[in-house]
């Protein structure tokens, strides 16, 4: 998919970049993908497009850069209104609930996931794993409520929470492989098991999701880099 006036600055391993790609695919928007060489370097285009945070993803639409994945997904939903159904619900209360759970995943759950992999100490990693396990139970409850018996958090179709949470599925599998623990299981989160299968098989998702084995290699290399940097500061 490539179109001159839509450009995505990102990196293949980033779940935040994946959110943007899934939203664009849902809306059937053609775009050009610009792969950043992170964490080794950042392009001049990235630094110019996101001078505040200097990080991916960035969506450049025409000449206008939009930063931060949740903001970008909402922008895509608002700009491309005729090509597909809305990502966010039309009902004000349901829209507020979607934003609430998306913010939970963004602010708490994804932060805990990162600490499981790259925490400074084993104690920190264990505490983070407990947070993730508790979060899974909360998200199972949210899925039952928001999906109303349908396949996705958004009901019959992928919605905002699906994109935000679903973008983390590959990294959840990485943690499961490295820890030999199941975070999404029939015993504790049966709804999420079915949801994850439906989400991962969706046409807008399966072709842009990263390979899990490749992510495991990337995580091990990044973890070694983090460990080295931590040791250098102590």
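Any Cβ shown, glycine's included, is placed from N, Cα and C.
Taken through DSSP, the domain 'GST N-terminal' (4-84) splits into 29 helix, 17 strand, 35 coil. The feature domain 'GST N-terminal' is assigned by TrEMBL to 4-84.
Per TrEMBL, the feature domain 'GST C-terminal' maps to 91-222. With DSSP classes pooled into helix, strand and coil, the tally for the domain 'GST C-terminal' (91-222) is 98 helix, 2 strand, 32 coil.
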